[in-house]
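Okay, structure first, notes after.
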């Protein structure tokens, strides 16, 4: 059995889909479906069982055996970069992850988890998986950074696989439940379909991020499970592209619309990453050599998925 925490969420459900595509259906999804809309991410997927996150955590903390576990993909977390409740964030992202890590270590179960490029904070170069480059800007980034630091202490002694992925700007199918935290491509598509002008912040041609397609993210997760490699790795494309490029690809797909530029909000000044670009040296050195979709390729595929019933 493979366990996917956050399996009804964005990246988790895409990992479930990638496992299904390989013929794997003996999957336990762990999630919190208080937001009932997330169920839509699972309706076309095949899983063996579902468990609520709180019930799962109780079983983990009590040391209860959950059966023959082949691996745990730990994608369950609070991923809101605008959430400032530090206790909630540390409980959800740090303590929960530690409990799960030790459960896996004691049983030598491969543990593959979601870290984040938010660990790098506001830097504009050298996104390298090393302490001197890490300075998160928000409590979300700090919770991810602290767990990475915890993992670094354990890795040299670990007898089983531990691998963390620093996700950059992930976009693609099954993110509709994320609301304001969904990708720019998702929001632009929604605005166009509602007959509105798609909106970008002024200066969006200068705001560049490493936008990585979720299908590529899932593929990297599965490759690492098969390879058995451990470590903390950036997971982006290695190419920074502008928000304008995302908009251009969206408009090209729809063949209509023009961008409306809106003022940059004061509340985001100083807390907004203007540039991100994954350094893929460690990922490539680990042996992952497949190409990543460009924004034009990924957004076009995503638009086709979003508008498949149109």
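Residue positions begin at 1 at the first shown residue.
The backbone N, Cα and C atoms fix where each Cβ goes, glycine too.
Keep in mind it's a predicted model, so treat the numbers as computed, not measured.
Look at Swiss-Prot and you will find 10-11, 31-32, 38, 53, 75-79, 92, 144, 170, 178 tagged as NADP(+) binding site. Spatially close to residue 31 (NADP(+) binding site) yet at least six residues away along the chain are 5, 6, 7, 8, 9, 12, 38, 50, 52, 53, 76, judged by Cβ distances under 8 angstroms. Secondary structure from DSSP puts residue 31 (NADP(+) binding site) in a beta strand.
The active site, proton acceptor annotation in Swiss-Prot covers 140 (among others).
In the three-state DSSP scheme, residue 187 (substrate binding site) is classed as helix. What Swiss-Prot lists as substrate binding site is 169, 180, 187, 201, 202, 203, 204, 209, 272.
The active site, proton acceptor annotation in Swiss-Prot covers 178 (among others). Counting Cβ atoms from all protein chains shown, residue 178 (NADP(+) binding site) has 16 others lying within 10 Å of its own Cβ.
Note on the binding-site residues 75, 202: the fewest other CB atoms within 10 A surround the CB of 202. The sparsest Cβ neighbourhood within 10 Å, among the listed binding-site residues (38, 144, 187), is found at 187. Within 10 Å of the C-beta of residue 140 (active site, proton acceptor) we count 24 further C-beta atoms, all protein chains included. For the pair residue 10 (NADP(+) binding site) and residue 204 (substrate binding site), the C-alpha distance works out to 25 angstrom. Taking Cβ-Cβ distances under 8 Å and a sequence separation of 6 or more, residue 272 (substrate binding site) has no neighbours in its chain.
In the three-state DSSP assignment, the secondary structure recorded for residue 140 (active site, proton acceptor) is helix.
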